[in-house]
């Protein structure tokens, strides 16, 4: 019979009944392997998304950046303010409030480009918004955090990982640029790549959520208030982004694009900032909130996508669509949707 007071076999230091067991590095190894694989897959998916971006229209958004400006206001105006209001309203701990605000100040995530495709959004606007928000985050993140977190913490204690932001920018711009080139040179082949990549992108989004749940199982042990904020925050981002875009006079398909670009945050960047800025003891309180936000932003995105697909099947073909005026050097097109091919059968 085993002595209950004896040390376990793999203990490295024993003193009576006190033992030090080496920590398992399985999660660390799994995290590195999966991060590498997911990064490669994400680059391939973004390459396929680039195959739906037209150079002329993309440059049109850069030259006449009304849509990008609306997205900028949503990304670095609405989201940080919403995070601040939620933190004050729920009276959460200062550390928790800071993490909620970090989420709100992050640029848009690349998953928004995949979802914009599936809801027949404006891919040219989606890619240009993600690129610009990531680039502008170099200056806007420190500014927003300085404004909103000073009532809880010294803003100088929050570390902005500029190298990670730069890496995110490169991993977005390079594959998308190659995809744009393929679409320009070989449009028929680009359509095939796009079909495959869009399906792979949907699978990748689910895979990221599952992997996050495996690696950070402690995420389910978190303050109830953070669960509620993690539920409300992405919905508020999607809704307010859509509303502001509509008030600004953007057509419906661009409103959907802005909505996803607003609510879909770069939670990986947020996790990196949190890890660099807080002690291990503080991380126990706050580290899992980015994962909670990520889960709910994907869950509600899937729900909104389902509603859109159902609406499109019931009303899309019968809707009296108002042509959009010529803009950005493009021909007039429907203001309701601009079919990307997502959930749409090929014509016989």
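Backbone N, Cα and C atoms are what each Cβ position is placed from, and that goes for glycine too.
The compositional bias 'Basic and acidic residues' feature in Swiss-Prot is assigned to 320-329.
What Swiss-Prot records for 10 is N-linked glycosylation site, and it gives experimental evidence as the kind of evidence.
Per Swiss-Prot, the feature phosphoserine maps to 335.
Residues or ranges marked as region 'Disordered' by Swiss-Prot: 320-348.
The site 'Not glycosylated' feature in Swiss-Prot is assigned to 328.
Per Swiss-Prot, the feature topological domain 'Extracellular' maps to 1-28 (among others).
For the topological domain 'Cytoplasmic' (50-82), DSSP puts the residue distribution at 27 helix, 0 strand, 6 coil. According to Swiss-Prot, the topological domain 'Cytoplasmic' annotation covers 50-82 (among others).
Mean pLDDT, taken over the topological domain 'Extracellular' (104-126), works out to 88 on the 0 to 100 scale. Positions annotated as topological domain 'Extracellular' by Swiss-Prot, on the basis of sequence analysis: 104-126 (among others).
According to Swiss-Prot, the feature topological domain 'Cytoplasmic' maps to 148-157 (among others).
For the topological domain 'Extracellular' (179-195), the DSSP-based tally of helix, strand and coil residues reads 16 helix, 0 strand, 1 coil. Under the heading topological domain 'Extracellular', Swiss-Prot lists 179-195 (among others).
The topological domain 'Cytoplasmic' annotation in Swiss-Prot covers 217-224 (among others).
Sequence annotations record features per position, and here Swiss-Prot assigns topological domain 'Extracellular' to 246-284 (among others). Counted with DSSP, the topological domain 'Extracellular' (246-284) comes out as 30 helix, 1 strand, 8 coil.
Look at Swiss-Prot and you will find 306-348 (among others) tagged as topological domain 'Cytoplasmic'.
Swiss-Prot lists 29-49 (among others) with the feature transmembrane segment.
If you look up Swiss-Prot, you'll see 83-103 (among others) marked as transmembrane segment.
Here the transmembrane segment (127-147) has long-range neighbours at 49-50, 53, 58, 61-62, 65, 67-68, 71-72, 75-76, 80, 101-102, 104-110, 112-113, 155, 158, 160, 162, 165, 168-169, 172-173, 176, 257-258, 261, 266, meaning same-chain residues at least 6 beyond its ends whose C-beta is under 8 angstroms from one of its own. The transmembrane segment annotation in Swiss-Prot covers 127-147 (among others) and rests on sequence analysis.
Of the candidate ranges 29-49, 158-178, 225-245, 225-245 contributes the most Cβ pairs within a distance under 8 Å of the transmembrane segment (83-103). If one looks beyond the topological domain 'Extracellular' (104-126) by at least 6 residues along the same chain, the residues whose Cβ comes under 8 Å of a Cβ in the stretch are 42, 45-46, 49, 52-54, 57-58, 60-61, 67-68, 71, 75-76, 79-84, 133-134, 136-137, 140-141, 144-145, 148, 165, 168, 171-172, 194, 198, 201-202, 204-205, 208, 233, 253-254, 256-258, 260-262, 264-270, 273, 298, 301, 304-305, 308, 312, 337-340, 342-343. Cβ atoms under 8 Å from those of the topological domain 'Extracellular' (246-284) belong to residues 66-67, 70-71, 74-75, 78-79, 95, 99, 102-104, 106-112, 115-116, 119-122, 125-126, 129-130, 133-134, 157-161, 164-165, 168, 234-240, 290-291, 293-294, 297, 300-301, 304, 308, 324, 334-338 of the same chain, restricted to positions at least 6 beyond its ends.
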